[in-house]
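To keep things clear, I will list the structure first and then write my remarks on it.
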Amino acid sequence: MSLLNDLINLNLSENTDKIIAEYIWIGGSGMDMRSKARTLPAPEMDPSKLPKWNYDGSSTEQATGDNSEVIIYPQATFRDPFRRGKNILVMCDAYTPTGDPIPTNKRFNAAKIFSNPEVVAEEPWFGIEQEYTLLQNDIKWPLGWPVGGYPGPQGPYYCGVGADKAFGREIVDAHYKACLYAGINISGINGEVMPGQWEFQVGPVCGISSGDQVWMARYILERITEIAGAVLSFDPKPVSGDWNGAGAHTNYSTKSMRNDDGIQVIKKAIEKLSKRHKEHIAAYGKGNERRLTGLHETADINTFSWGVANRGASVRVGRDTEKAGKGYFEDRRPSSNMDPYTVTSMIAETTILWKP
């Protein structure tokens, strides 16, 4: 094994200018991430200078066997924490050979919204709190839970410390450092309310880059759980009953909200969100109705509400924002399996472009 590790950790730059680029895209389910690697002749971080590539869409439920070629366009690059050196990870989106975005390409429409001059002028910032659950590989039951049984009630696990409270910390810390190495603006981690559940935060990040960074952070986490022999779940309610679900709370601000008296802009934005509640819920993640019950720090899925420091509301405004009269708010409705391209662009479109 030591020789294998030596080979895995070979520093290519000592002997060649060539690098390895791992091309990454989103599969047919909208949550499965796929990737494959290719050799490039020299280091390159500008995605516009990287070659397009293709894959077999019939194997990812994104094309038929008689017309299976899907083209992937490089959109964002990151340093590769696995191969290291000058090797890169490449976030891509997917198109038909004629250049049309395929139906599961959510980035394309998001990019159009974020390139709108009105949106650009507002410099929309996002901070996404990505919750997830670590599962035992063989039985698909949360890490640290007794086989066929349950741990003690919720209470000591949130931000908990100790072998009987924090399960999977090595995975979480490895992911934290790997994201920083990659160039992702990961801003923190913490243990969540349900044992075996954790959260990482990405942001603040402006516009379309928020979706790129969250998806890449998900990919890196999936790779690390693969190495650790654990299973990663983004299910919004992985265990039924009196256990917290998993969300992706989305913190948001615009330039106008961050300026003096921005609280008035925030209130107008929240009013707009209230009027499109059903449309947002429909786009905020599959199975979210199992999570948004009005219990376990959620609002009921059918009712829009907002409040200051209220974690049982659809939208929460922080005490600091209220006190300063400017800042940001948190949309608590998105589920852990939401598409960050869809959610961020929809919030920007509703609050900046939509005229009720």
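Here the Cβ of each residue, glycine as well, is placed from N, Cα and C on the backbone.
The annotation domain 'GS beta-grasp' is assigned in TrEMBL to 19-99. Sequence annotations record features per position, and here TrEMBL assigns domain 'GS catalytic' to 106-356.
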Fill in: Confidence summary for the domain 'GS beta-grasp' (19-99), mean pLDDT rounded
97
Worksheet, complete the sentence: What DSSP reports for the domain 'GS beta-grasp' (19-99) is 6 helix, 41 strand, 34 coil
